[in-house]
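**Student:** Here it is: the structure, laid out below.
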Amino acid sequence: MFAVTILGNNSAIPTLERHPTAQVVTCNEQLCLVDCGEGTQLQIAKYKIKRSRLRYIFISHLHGDHYFGLIGLLNTLNLLGRTEPLSIYGPAPLEQIIQLQLDSAETQLKYELSFVPLTPGYSGIILIDKELQVSCFPTQHRIPCFGFSFEMQKRKRKLLPDQARAYEIPAAYFSKLQDGEDYRRKDGTIVKNDWVTLPPPPAKRYVYCADTIYDTGLLRWLEGADLMYHETTYLHELHERAAERYHSTAVQAASLAAAARVKQLLIGHFSSKYTELGPFLEESRPIFERTAIAEEGVTFLV
Ligand SMILES: [Zn+2]
């Protein structure tokens, strides 16, 4: 399963109805947390996210609405007796911020916490796991900020059973064929792997654009994505304010989704001045039909 569960979709100030940014990316058994606004650990409890499966945390930037929930979560994992390692990827100063908080409380974590600093402006692959590959890319915001692209690897080739049988390959060998191996017959002749299999289906991709001004430079990361998330802090009537604060509008997010020919668009990071979210859809759907509100507690398949 490759899916995104929304835990928070508000910007800046937490409200009783909406929480600051946090999302969980599920890649089969492993979970990634993407941003960790205040209250994230309560949202994790509310939506029954399995904390023990959390393996990686990605923090886009150091505005508080994207990481003020982090130390609380790390501390709770420790109190719950976690022993599995946990890795955090984020802007370099975050490492010191966490360490200062732990040191001041004389907290010794019982699990291994590793930190991977992201250099401002860097783009490229930051994580390769057995099923998951994650890249980061810079977004244009008031302070250094990163988007993340999650790709779920499908490494197994597609077996053509009739062809394999025609070459008299025993069924017990089929899983090796899916891994890309050739087959040597008893008479020594080789059955080439691509005679009996097809390449694996293309990897599915979720692209999280974090906080950003409207920027067509993001298109190279978004092109053909299965699911993209883009912030829409404001409706388009406030596009000037959006630009001043390095944020975007629903119209702008939808235009990027259309230009990038993604399959689905998720919008979030709504200013707390909006109590109704319907107008965000009304603005974006005429430009990009397959738009959804990043509603808290809802899981979107990639
Ligand atoms: Zn921000």
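Yeah, the Cβs are placed from backbone N, Cα and C, and that goes for glycine too.
Unlike curated records, TrEMBL annotations are generated automatically.
These numbers come from a predicted model, not from an experiment.
The active site, proton acceptor annotation in TrEMBL covers ASP65. Taken from TrEMBL, the feature Zn(2+) 1 binding site covers HIS61, HIS63, HIS141, ASP211. What TrEMBL lists as Zn(2+) 2 binding site is ASP65, HIS66, ASP211, HIS269.
Mind running through what each feature is packed against?
**Tutor:** Taking all protein chains in view, 23 other C-beta atoms sit within 10 angstroms of the C-beta of ASP65 (active site, proton acceptor). The DSSP secondary structure for ASP65 (active site, proton acceptor) is helix.
If you take the C-beta of ASP211 (Zn(2+) 1 binding site) and look for same-chain residues 6 or more apart in sequence within under 8 angstroms, you find SER11, SER60, HIS61, HIS63, HIS66, THR139, HIS141, CYS145, GLU231, THR233, TYR246, HIS247, HIS269.
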**Student:** Just to be sure I understand the contacts, which binding-site residues have a Cβ under 6 angstroms from any atom of ligand 1? Candidates are HIS63, ASP211, HIS269.
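**Tutor:** The ones that qualify, in sequence order, are HIS63, ASP211.
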**Student:** So around the Zn(2+) 2 site, ASP65, HIS66, ASP211, HIS269 aside, which residues have their CB within 8 A of the centroid of those CB atoms?
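**Tutor:** Counting only non-site residues, the set is SER11, ALA12, PRO20, THR21, ASP35, GLY37, SER60, HIS61, HIS63, ALA210, GLU231.
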**Student:** Using the CB centroid of HIS61, HIS63, HIS141, ASP211 as the Zn(2+) 1 site centre, which other residues of the same chain sit with their CB within 8 A?
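**Tutor:** Counting only non-site residues, the set is SER60, LEU62, HIS66, THR139, ARG142, ILE143, CYS145, ALA210, THR212, TYR246.
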